[in-house]
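Engineer: Found this in TrEMBL, in case it helps:
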TRANSMEM  66-86  transmembrane segment
TRANSMEM  150-172  transmembrane segment
TRANSMEM  192-212  transmembrane segment
TRANSMEM  224-240  transmembrane segment
TRANSMEM  252-276  transmembrane segment
TRANSMEM  326-347  transmembrane segment
TRANSMEM  367-384  transmembrane segment
TRANSMEM  437-457  transmembrane segment
Amino acid sequence: NGGGMNGSSTMMDFLEEPLPGVGTYEDFNTIDWVREKSRDRDRHREITSRSKESTWALIHSVSDAFSGWLLMLLIGLLAGSLAGLIDISAHWMTDLKEGVCLAGFWFNHEHCCWKSNTTFTDRDKCPEWKSWSQLILGYGEGAFAYILNYFMYVSWALLFSLLAVLLVKGFAPYACGSGIPEIKTILSGFIIRGYLGKWTLIIKTITLVLAVSSGLSLGKEGPLVHVACCCGNILCHLFTKYRKNEAKRREVLSAAAAAGVSVAFGAPIGGVLFSLEEVSYYFPLKTLWRSFFAALVAAFTLRSINPFGNSRLVLFYVEFHMPWHLLELVPFILLGIFGGLWGAFFIRSNIAWCRRRKTTKLGKYPVLEVFVVTAITAVLAFPNEYTRMSTSELISELFNDCGILDSSKLCEYVNDFNSTKGDDLPDRAAGPGVYTAMWQLALALIMKVFITIFTFGMKV
């Protein structure tokens, strides 16, 4: 028996401290799943056997079992905090392109006007918020004021995008793109050193704010998954069990991906399903529950920060007050057909453009490409108020229900209160603002369709 114990201890030491070149992985190689799981199984067996020898060993065994849940808690807290910081910063910098708050430059347009004494209909024209023409020229009306606001909008957009691409190129080349394809590759067992490191996390967080604020036709949802996985990978180094085992680390990264989707869309369950169905290669049952826990903590943290000021996880949400009618299925069917056709068109066009970027000199000048695409986007976006605002604000504008005091063009209906009978609200005719909004939305759709093709795949 003594000889058997010594043999087991020798084998355990070999598994814990591998020889040079044995058990370690070079960059762009695949891990040995069988060996990693065997190491973890032997490590767990050793801890369990030692827990019967002393109280300290028992405490170590309990802490080892609890470390996974503690790691999920830390990932959720960090991912939710970073998502809140990104949302608040992007909202402020997007409004900075149009003006500044005199009460405090760190306030965005909405927060700046919260304490204003203006009426509800003029809430967006509070005296505390000044457009660039009002700040520089002293007035905000007229052709010259419009040209100055136009120039400042384009200048800020170019500055944000150039800062983003220069930071990515100079400090963290892995921070470009959404990161989801590479994360799927890593979770399948592939090694990409530095892709989930601290520099990638820092630069990704900063450049994500800059890229979204510049007005480029892209979103922060995909990159938030990359940010959350960076958090998970960095926090793994606090626990020996996950630092020394690549298979165990990938369980953590699966849970981090779920937390990323949770803060991106405000959907913890959706995050777990995304991680289970889309990105994960190895997903045991315990990872399912830990992923859900991490997603819940991340969502709760983001809601506690309340970046949008509406006590919700996202800027836009849906509330149903009336039952739907069978006839309403027709526009939903048409919307689904359009979505499928647009998706196929976008994928084919974007692949063709990315292939052309690789095979021509265009790929050698990523900074120039970002500069040109940003300039074209900003020049086309400013005249149309629906392309001038951020994508999240645009979707929120489309989702909101129309109230009687709502000042949106989409809610500009003809009010005829004399025709009201009882508690029934009569059908109202569309006013001129609705028709103007329809034309502007149609132009915004056309612009977004084509500019998105050239935006995705840039080094930002």
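These residue numbers are counts, starting from 1, taken along the chain as shown.
Just so it is clear, glycine is given a Cβ too, placed from its N, Cα and C backbone atoms.
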Engineer: Apart from its near flanks, which chain residues at least 6 from the ends of the transmembrane segment (66-86) lie with a Cβ under 8 angstroms of it?
Structural biologist: 205, 208-209, 212, 220, 224, 227-228, 231-232, 235-236, 238-239, 241-242, 252, 255-256, 259-260, 263-264, 286, 290-291, 293-302, 304-307
Engineer: Out of 252-276, 326-347, 367-384, 437-457, which stretch has the largest tally of CB pairs under 8 angstroms to the transmembrane segment (150-172)?
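Structural biologist: Looking only at 252-276, 326-347, 367-384, 437-457, the most contacts with the transmembrane segment (150-172) come from 367-384.
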Engineer: Which stretch from 252-276, 326-347, 367-384, 437-457 shares the most C-beta pairs under 8 Å with the transmembrane segment (224-240)?
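Structural biologist: Against the transmembrane segment (224-240), the leading stretch is 252-276.
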Engineer: Cβ pairs under 8 Å with the transmembrane segment (437-457): which stretch of 252-276, 326-347, 367-384 has the most?
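Structural biologist: Maximum Cβ contact count belongs to 367-384.
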Engineer: Which residues of the chain, 6 or more past the ends of the transmembrane segment (367-384), have a CB below 8 A from one of its CBs?
Structural biologist: 149-150, 153-154, 157-158, 161-162, 164-166, 169, 214-217, 357, 440, 443-444, 447, 451, 454-455, 458-460
